[in-house]
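Here is the structure we will look at.
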Amino acid sequence: MKMRASHSISRALRLVVLWLSLLWVSSSASSFMLPSVISLRAGVLHAPPFAVVDTTTTGTSTTKFSGFQVDMLHRLQAFAAQDNVTLEFTLSQSPTQYADAFDLVASDCHTIATINNSSRCDELDLIVGDFYGTDERSMRADFTPAWLRTTMSTVKYLDKKSRDFTTLADAAAAEATVCVQDGTYIKTVIQARFPQANYTLCPSLEDCFQALQNEECVLYVDDELALRYRAAVDPSLELTREQFNSQYLMWPMREDLPPLVAKLIKKWMYRAIGNATMDQLYKTYFEKHTCPHGTAGEHCELPCDPDHGTADATGACICHSTKWTGFDCSMEVPEELNLIPESLVRTGYALAGINVCLVLFCAVWLCWQRRRAQVQMAQPSFLSLILLGCLISTSTIIDMAQQDAGDGPVYACMAIPWGYSVGFCITFGALFARIRRVYILVKSAAQMKRVRVSVMETLQIVGGVLLIDVSILVVWSVVDPLRWNRQIISEDQFGNALESVGSCGSEHWAIFAGIIAVFHLLLLSGACYMCFVSRKIPDRVSNGKFVGIAMVSNFQILLCAAPILLVLGSDPVANFVVRSVAIFMNDFVVVCLVFGPLVFKVKRFDHQTRRAVIRINSQEPINDGIKHYAQRVGRKRTERERRRLMEQRAKRVTEVTVVETSAEPMDQSSEQARSEDGLEGHAMPELLPSEAQDLSMKVEEDALAEEEEEIVFESLSSESIEEGLLNSDDEEGNGSLSSCLLEDSDPKEPLADSGDCMYSCTAELDASFESESCSVPSDDIEDGRNNDDEVQDSWATPTAREP
């Protein structure tokens with residue numbers, strides 16, 4: 001009985017447990033049943049590109065929502081549809097400040113003091129915005145899962161006038177102004193971390209960018225993703241890449257939402273993160289959109305060379321290097337070789353051609369007129385050397401115009417210093433030898449000396465100058481010759497040459513060029529001094545005025561061109577222009593100054609010149625025209641000698657008078673005469689009248705004898721020098737130039753060497769200057785008119801002659 005009762009009780013208990021189990025299962029199943037429709041009220045916080053609120057008022061107010069988070073809402077709706085749930089969002093614009101927007105879903109919305117509109121506390125279920133999850137906010141509202149990671153960063157404008165700052169630390173140290181959006185968590189963090197900086201609190205994102213553009217602040221601090229998006233749109237902005245305080249973005253939700261709804265929202269958020277939906281949205285909004293490789297354009301419909309370009313976010317094809325250009329980066333930019341332009345090369349050839357034509361014309365004219373007296377006086381051999389030197393020097397312009405687009409070789413490189421230096425030495429040597437030859441001749445004649453200056457001696461001067469220059473050039477050519485080389489000025493990041501310059505150069509070219517330049521300057525300085533000393537020589541004899549001008553011109557051109565070339569440096573175009581013009585002017589001026597006056601003299605061949613030539617060709621050493629010059633110069637010198645003799649005579653007569661009156665008492669005038677004659681303090685001897693008379697007669701005889709001892713004025717005959725210059729190149733003189741002057745021979749007796757003698761000047765003491773046979777140039781002796789004293793000192797030397 002008992003056994004039967006215990007079984008019944010246990011059976012009943014099992015039935016109760018089973019019933020309770022079924023009851024629990026049914027209740028659990030009913031609690032996990034998904035709702036078919038979920039409606040949520042969401043406030044959208046305007047913060048591009050996360051959320052963009054565009055309100056238009058055309059008749060009726062219309063609000064359009066877009067951006068990263070709006071796209072997230074559409075993806076959540078798609079995930080809800082997969083669970084057979086219709087997810088609906090009623091969107092409205094939330095306050096623009098993060099704190100105000102967060103308060104609308106906070107649990108203390110009705111009691112918080114900073115709320116602006118407490119009536120909206122029950123209107124929103126969540127805020128669609130890029131909120132940072134903080135400990136303080138977590139106590140006031142619920143949050144969705146973090147859907148994106150970001151940091152705090154700064155941005156700046158590239159084009160600005162104020163000081164540039166790259167980091168907040170630099171700005172804080174300088175106490176600069178930094179922009180930050182008011183009412184954000186970033187503001188709290190930044191002000192606590194950098195308290196030294198000055199801050200401008202902006203009500204909105206756009207206000208902060210406007211203040212940054214107006215340079216009211218040097219940096220703007222905000223979310224890195226927001227700044228990255230803005231920098232991608234505006235090329236004038238630069239993200240400083242300063243990152244601090246990593247943050248996670250999430251949406252705040254009301255705490256009193258149904259638990260199942262809150263769980264479903266979090267479920268679908270996790271699904272979006274897991275299936276790479278967030279990665280796709282990130283690339284769409286925060287990475288620059290680029291076209292596929294090899295395409296460009298707004299819709300990627302244009303070509304872009306895949307080897308040399310890539311499309312940017314705006315669709316423009318950006319070339320990898322400045323070596324390539326074009327809308328599709330397919331056109332190669334040619335290397336800038338900095339070659340001398342063809343127009344300048346032709347101009348250089350034209351300048352060289354002008355000088356060559358001028359030299360050839362002068363050479364033909366010289367050959368044609370070589371027997372003219374004026375040409376013979378100018379010494380055709382030296383004229384030929386001048387033309388040869390100018391021709392060689394001018395050819396340097398053609399050598400300098402040679403160039404190569406690559407690394408050469410250019411064989412004309414070493415020909416440049418050779419052509420210029422050899423041509424200069426030949427031209428200079430001829431001019432210098434001509435000046436020196438006439439200078440020695442005239443100075444020796446003025447010193448009454450016989451001198452012989454041969455053509456070989458003058459040619460040795462030319463050869464010596466040329467030998468020194470050639471020696472320097474030979475050493476240069478052997479040790480460190482000039483070679484054409486091209487130097488790259490700029491290149492791209494791949495090493496492709498963008499600009500280069502080619503020139504002739506070597507390691508030590510400046511040393512050799514400097515030695516030659518100094519040597520030429522020294523030669524020109526000496527020649528200029530020689531021209532200055534010889535400036536009194538008549539131009540008819542030496543043509544020294546124009547030769548001197550040519551020398552000074554060479555000196556000035558070389559002195560001016562050297563520093564200009566140093567300033568220009570390696571600019572090939574400017575160097576070519578300066579050097580070509582300097583060489584052209586140098587040779588052109590020399591030829592014109594040497595041959596111009598000579599051609600003019602021959603052209604002006606009048607009767608007087610013809611008569612002078614006839615006399616020179618007939619070897620008549622006396623030129624009637626020199627009489628006027630001798631009279632004018634000699635008269636002044638003789639007058640001075642006569643005054644001196646008269647003063648001496650008056651002095652001796654005074655002495656005789658003193659002697660005759662020595663027996664009488666001395667008056668005041670006698671005392672003064674004694675004082676002037678140096679007799680003061682000495683006793684005058686007393687003479688007898690007969691002795692005084694004899695002494696007086698003796699003094700008068702001595703005075704007359706001194707008057708008869710006049711100075712024979714030996715004047716230099718320029719016509720005779722011309723004859724000597726003519727004889728320097730004839731066959732009889734064998735190329736020698738002789739100056740035969742009176743030394744100790746009898747002036748009335750002809751000189752023994754009549755072939756070498758240039759002139760013989762005789763004069764009688766009692767003859768007038770009109771009857772003297774001294775020869776001096778008759779035409780235009782300007783120096784004799786203006787500087788008689790200087791002329792007589794350097795051109796004539798008086799010699800006393802025994803009676």
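Note: Cβ is positioned from N, Cα and C throughout, glycine not excepted.
Ranges compared are 630-654, 655-679, and TrEMBL records region 'Disordered' for 655-679. Of the candidate ranges 171-189, 380-398, TrEMBL annotates residues 380-398 with the feature transmembrane segment.
Contact count against the transmembrane segment (348-368) (Cβ pairs under 8 Å) is highest for 380-398, out of 380-398, 455-479, 509-534, 581-600.
Among residues of the same chain six or more beyond the transmembrane segment (546-569), those with a C-beta under 8 A of the stretch's C-beta atoms are 424, 428, 431-432, 434-435, 517, 520-521, 524-525, 527-528, 531-532, 534-535, 539, 575, 578-579, 582, 585-586, 589-590, 593-594, 596-597. Contact count against the transmembrane segment (581-600) (Cβ pairs under 8 Å) is highest for 380-398, out of 380-398, 418-435, 455-479, 509-534.
On the 0 to 100 pLDDT scale, the domain 'G-protein coupled receptors family 3 profile' (412-602) averages 80 in the predicted structure.
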